[in-house]
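What follows is a set of notes on a single structure, which appears directly below.
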Amino acid sequence: MDYTKITRYTTGIDSILYKLIENCIDLRPTTYRLKILLHKAIELRNIEAVRLLLNNDVDPVAIDTHGITSLHTLTMPPNSSFIELDNWCSNTYTELLEVINRLNKSKTSYSFQRVELMRMIMDYCKDDEISKCLTISRMEPSRQIEEIQIMDILLSKGIDINFKDDIGNTALHYACDYRNGLNMVRHLIKNGADINIENDYGTTPLACAVSTRNIELVSILLDSGADPNSSSSSSIGTKVLHTAVGSGNFNIAKELIESGADPNIGDKAGVTPLHVAAIDEDSYALLELLLDNGADPNIKCSNGTTPLFQAMHNYNRVKLLFMYGADINIIDNQGNTPFTNLMSYDNEKLNSIIILQIMLIRKLFNDKMYYPAGLIKNLECIESHENLMNMAKRCEKLIKNKKSKDIVPDRISSELLDEEYDLDGWRSTSCSIS
């Protein structure tokens, strides 16, 4: 298929659609067909075709079988090309396969619109015209101007800017799910779109914007009054900060926090953004961002685990959480501490920082009868493994030979394990030995 030739045909799609509409109106078609034509004219950003239909009393508020109004269609991304095929085969079947392939790679939220377009054009066109009409057009800069003009026409006809489709999405949801929808979002907000409205799944426009990873779009919504603690999903109770952290987007997470997002907010299972960041080895900067902005390192989710439980496989994460006061002796609902919950104890570097922390905490108590239950469990675990016992003895010797003021981050690494392990930068809030 000659992709260049097909793209060249695309330039005529506006005039073809306009002629179809003129002929269709003359034939007095059903309301359903006129409604499809309006959606298609809007999807292709054909302002003259839209005006022609509305001037002939086509209802701009009419919805399709998916609950989509013409305003929803407008705020969805314009058609764009996804596939290039090298071999040209001049028959309609191949053309249709090309469209199907492109549909499969399109966003499902609006792919059905193109299916209806295909059916409609096959009713009105000759076979040799199908390829011209079905070719998916590229987005041109002028289209953005047409989008605003079309929206103004629709709004002047009284269309409800907050009308929901069959899954509760408004036009603003769709516009925020579209990386190039900045002008559309601004115009919707200017005309009264509800910024914090949720769809049937508890997703807000801000959550859609966060998912697109477009910080400019997120900033527009926050500056316009979007709730930084708004919902991403009502089924599991996640908020937009969970989504930003889960996708590893530092800049958006920072923007949300600076706008008032709560770093300790939990989902239905009590999982906080800090729990989420602690799991992902690539989210160290996010972990530090959350801790710097008041995230509680000892907050528990419904199963009793803290972020330290999720971070125990990673030395740097454990070190960072200890710096901010994470408690190694907390016990979860299964009776485990973060240390006893480990599957193995083969990582000597990780063992060194954990056991030193445990030994420092033990030093705070003059009598075993006052040991916290979690500390007892951790000490029992150490005693049951020879390599852990050897590490504990070295830590005890280090602590015994040092004064309280000397047990600080940069002074212990060269002495523990004969400089074998790099503990530079480590410090503990529990190092205040009396």
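Note that Cβ sites are derived from N, Cα and C of the backbone, with glycine treated the same way.
Taken from Swiss-Prot, the feature repeat 'ANK 1' covers 33-62.
Swiss-Prot lists 134-163 with the feature repeat 'ANK 2'. Computed over the repeat 'ANK 2' (134-163), the whole-number mean pLDDT of the model equals 74.
As annotated by Swiss-Prot, repeat 'ANK 3' applies to 167-197.
What Swiss-Prot lists as repeat 'ANK 4' is 201-230.
Sequence annotations record features per position, and here Swiss-Prot assigns repeat 'ANK 5' to 236-265. Long-range contacts of the repeat 'ANK 5' (236-265) within its own chain (CB-CB distance under 8 A, at least 6 residues past either end) are made by residues 204, 206-207, 210-211, 213, 215, 218-219, 222, 228-230, 271-274, 276-277, 280, 282-283, 285-286, 289-290, 293-296, 299.
Residues or ranges marked as repeat 'ANK 6' in Swiss-Prot: 269-299. Taken residue by residue, the repeat 'ANK 6' (269-299) breaks down under DSSP into 16 helix, 0 strand, 15 coil.
Taken from Swiss-Prot, the feature repeat 'ANK 7' applies to 303-330.
Packing against the repeat 'ANK 6' (269-299) from elsewhere in the chain are residues 236-237, 241-242, 244-246, 248, 250, 253-254, 257, 263, 305-311, 313-314, 316-317, 320-321, 324-327, 330: each is 6 or more residues past its ends and has a CB under 8 Å from a CB in it. Taken residue by residue, the repeat 'ANK 3' (167-197) breaks down under DSSP into 15 helix, 0 strand, 16 coil.
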